[in-house]
Every structure is written in C-alpha cells, then in structure tokens.
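Chemist: According to TrEMBL:
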type	residues	note
ACT_SITE	T397	active site, nucleophile
BINDING	R120, T415, I416, N417, D439, S468, S469, G490	L-glutamate binding site
Amino acid sequence: MDRVMGNPQPEISRKCVWSLLAALLITLLVGLPQARAQAILEGERFHPVQGTQGMVATSHTLATEIALEVLENGGNAVDAAVTAGFALAVTQPRSGNIGGGGFMLYAPGDGGAPEAIDYRETAPAGATETMFQNADGEVVQQRSRFSHQAAGVPGTVAGLSLALERHGTISLEQALAPAIKLAREGFEVPRRFTEGLEQARERLERWPATKATFYNADGSAPQPGSVFRQPELADTLQRIADQGPKGFYEGETARLIVEEMQRHDGLITLEDLQTYQPAIREPVHGTYRGHDIYSMSPPSSGGTHIVQILNILEHYPIAELGHNSAATVHRMAEAMKLAYADRAKYLGDTDFVDVPVTGLTSKGYAAALQATIDPDRARPSSEISAGNPAPWESNETTHFSIVDRWGNAVSNTYTINFSYGSGITVAGAGFLLNNEMDDFSAKPGVPNAYGLIGGEANKIEPGKRMLSSMSPTIVRKDGRNYLVTGSPGGSRIITTTLQVLMNVIDHNMNIQSAVSAPRMHHQWLPDEIRMEQGFSPDTIELLEGLGHKVSISRAMGAIQSVLIGEDGTLYGGADPRRSTSAAMGY
Ligand code: GLY
C-alpha cells in the first residue's frame, strides 16, 4: 500500500518539494508571480492525507514514520502511541519527554467506553503552598519556572507503560527499541531543532549537563542536516526497556535524578519517584450538535471547558453566522471568557478538591451563562466573575493522534511545560526535567506563565497534580470514533482544540483545513482577543466596534488530528504551524 506523507513543510514533504519544483519551473517558463507559487504551496495546508488502514499525526516526521510502521506491522493504536511517545522524547526534546507528564485518551473501535490515562506530574512530598513566594509574599518566578524546585515528579514513563499494559499488544522493550536506536545512532537534525536551541540558548547553557547534552563541544547548536546523538538518554531508555518502569523510578536513573535534586535544593526524593502512580480517569463527556465529545477530565481543565464552551455556543447558528466572522468570533470570545473565569475558581486536582464538573458541563448551566451574553457588546472581563454551577451539579507541549485498522483511537498530549521545560538536564541521564510546578497557583490571583489565574483549588499540596489545559479529545458520531484531536499551546490548548471541533462540526471543513484555519483565543484575563494572522481587517474592525480589544498573536497551538470518514477512510491533518509536523497513513 502507498504511504502518504502529510507534512506540509516544504523542506521535508515530498509532495511539497514536487509542488515547489513545479512552481519554480512554471515561474521560470511563464514568469508566474511569486504569490502564485506560494498559493500552490499553500494548497498543501488544506488537503488531508488519506489512508484506509492506519493514520498517524504527530509533530515530528520521524515519530510519525515510526508509529506508522508499528501499525503496518500489526500493532494497534496504543502500541503506536507509546512508541511515538518515546520516539518524540528523543527527536523533539523541547516537548517530547520522559521527564514530564501528560494525558492519553483511548477510545476502542468497537464502541466500548473511552478511557483516560492521567500521567500528570505530582508535587513532591516536600512541596508547600507558599514555596514559590519570598518573605514578602511575592511570587518568585525564577524559582517556579527555572529551578530544580520547578520540577514535578515525572509521570510519562509510568503512564506510557500503563497504557501499553492495559491496551497494547507489544512489549515495552519493543516500544522503546526505535527510540533507543534514534538516541544511540542519532538522527538528522531538522532546522526547527537548531532554531529552538538557538532561541533558548541563554536559559539552557547555564546548566552544564544541558549544554553538554544539546550543544556541540564548541558551544554551537547542532546544525540542520548534522547527526545528533544522545548516548546518555539511550542508556536511560535501555534501563526502562530492561527493567520496566522500575528502570526509571528506581535504580540508576532514580539515583541520578535524586542526586541532581540534592545538588541544587530540588525536592524530588527517591520515595516521591517510587510512589508515583498514573491514574485511570473517566473522560469528561458532553454532546455538541449530535456528536459525543470525550475529552480530558481534571486534573486537566481542558475537557471541562471545551464541553462548557460548546454547550454555550450550541445556542447559536454558528454555521450560518460563518467561519471566523465577527458575529461568530464575538460569541466564541464571550463564551471563552465565562469558561476561563470558572476555570480560575473551580478547577484543580479532584483527588484533593471537589470540582463541579457535572455542573460546569451541564446544558442548564450553559443556558444560564449564554443568557448573559450580549450579541451587540463585548462584556469587559472586569464585569465577569466565576458563575455558580452548583445548581446543575449531581474538573510547550506536544500532541499526537493515531487510529488503527480496527478503528481504535488514541489522542495523547504530553509536556514538560515550557519549551525544554525547566532547561535542567539530569546529569548522567540525558533528559530534561519539567517545570510543571508553575502550573499550580503559586499565590491566588497571581497569573502563571500563561497568564492564567488560579485559586484555592489549584494551590500547591504534596502529592497533588497541578492543573493543566491539555485536552486530548475524541469525538464519536453515531457511536463510532469520528475525530481524534488535541494540541499544545498552554492556556490556548482548550480554545485551539475547540476550534478544530467547530471547524469540522459547524463549518464542515476537511480535517486539514480545520487544522490550518486561522485561530483566535480569549482567556478572560487579560481582556483581549488574540488572533492569528489571517482574519480580515473588516472582522477585526467589527469586533473592535463591539468593544473587544484585539491583538494579533503569533501562531497558536499545533493540532495533530485524524478524522474517520463514514466509509472508514482515514484523513490525517498535521499542523503547518509546527514545521516538523507530519501526518501519514496507509
Ligand atoms: N503545562 C501546560 C498545561 O499543562 O496546561
């Protein structure tokens, strides 16, 4: 069977290379203006990749290829997902990881109940509510973001292993083999890899182990086209292959993590590592115009607020109002503000606090909120505070989506928080530690790195999981898996994922167009609509006329999606916003 490359990046995609060559040839022959050549390239952003047996969309070509091979060799979606997860830890160290955590949503192809695996990091036992405040009660961001104390107890190894144990058909050793090979023998550096290391140079070079692991001996970043090897990471991964999760949470790797902590006032102890447990959670469930939406439950806020916002927007004829029209964007922004105000007050780890998920995701609460939206005026965020869901009550990242020949679907988002996490590499073990502790509320009302406000529900407590926005999502239609999606992007993950759902369900876009279309975001505070380039000046003017402050933002998110057509055809959509993204099917 043919394999189809879905990477929209000209430097990597074969389709794009041919388009480029054709465009150049035509330009030379008939003097076609440059804009036409670009338009030909732009076309790649709107055509999904097709397959019938399996489809993988990840943020790195090599991870996509490796996961697809697992499917071609008879593995299922979970086998492919776990293999991709470990491969990304090698090829994309800025977000792929074994030093962080995340969430996996699995929906079996036979219509059985979807399941969420929560492998979010936890606060070490030594963590305290005020650990990131100085003597004057001010939050010290340097400590919550760029110190050893910023690291939560990593969950990725335990989470991916549990997924394989529950639903996989291959061994952990098999799932790790490609990653170990890539780490030991190296891989060809893409331009994005070099650019990332150059951009983060200042905060990465201050840690000797990070400098030695990711930069050349002369201090330069590995150059595009060169081969990049990670022998220490290869050994770390080999220990997991040999001993299972114990090869990470106990023994040599655990010793290296604990020694790293002890040298720099970090908090993670051997006991924290040995007692880390991933959790099986019931996904948040809602409906939107006849589709069943399954997404991540607390300690992520993602699923709760995607369902809440969709419930509000269901009251409007969004398709008629039009894609990215001022009328649609206004209603979306107003709904987003209400949801993010609730997020700040109510959301936290349900193992520690009660989160009114049922109320927040109920149609009744959404109707009450929708009634407060003025179609002709933006309500300033200062006039909005968290609502009362109680009456309805009975919770730099990377994402990949995979569907196998049996229709099983995996939607996985995992992270070390910032690009390169804390920037701290565990000396001798070759992997970066997360700085996920910054996702807790260091002090009520003080925004985290994403400008998100938190309160009591998300205060730091030993063993607690910090609130996330990660939103791995699976949509079912008539009981069968239909759309698998999710994104990185910090606070924008929720709204990014939401817009792909709306683009498919409301605006009837194919999956690649739905992924590529320009996006907007509002998170209550700051009180502004962030818009990517691509919205018309007329739309922006109309929104400003309604009272919105609009700011043009950099690209938001990097959605990787798979859509299953009614006849079973698989469509992959990789996000052109991340240059190494690739969807491939067979
Ligand atoms: N670290 C970003 C998130 O989990 O939402």
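Cβ from N, Cα, C; glycine included.
In TrEMBL, annotation is done automatically, which means it is predicted and not curated.
Note that this is a predicted model, so its numbers are computed, not measured.
What does the local environment look like for each feature on the list?
Modeler: According to DSSP, T397 (active site, nucleophile) sits within a strand segment. Neighbour density for T397 (active site, nucleophile): within 10 A of its CB lie 28 other CB atoms from the protein chains shown.
Within the same chain, the residues at least 6 positions away from G490 (L-glutamate binding site) whose Cβ sits under 8 Å from its Cβ are E396, T397, A449, Y450, L452, S469, listed in sequence order.
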Chemist: Across the listed L-glutamate-binding residues, R120, T415, I416, N417, D439, S468, S469, G490, what is the farthest Cα to Cα distance, given in whole Å?
Modeler: 14
Chemist: Near I416 (L-glutamate binding site), how many other Cβ atoms are within 10 Å of its Cβ?
Modeler: 34
Chemist: Please give me the CB contact count at 10 A for S469 (L-glutamate binding site), counting all chains in the structure.
Modeler: 31
Chemist: Hey, what's the Cβ neighbour count for S468 (L-glutamate binding site) at 10 Å?
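Modeler: I count 28 other Cβ atoms within 10 Å of it.
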Chemist: Near D439 (L-glutamate binding site), which residues of its own chain have a C-beta under 8 A away, given they sit six or more steps off in sequence?
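Modeler: The answer is N417, N448, N458, M466, L467, S468.
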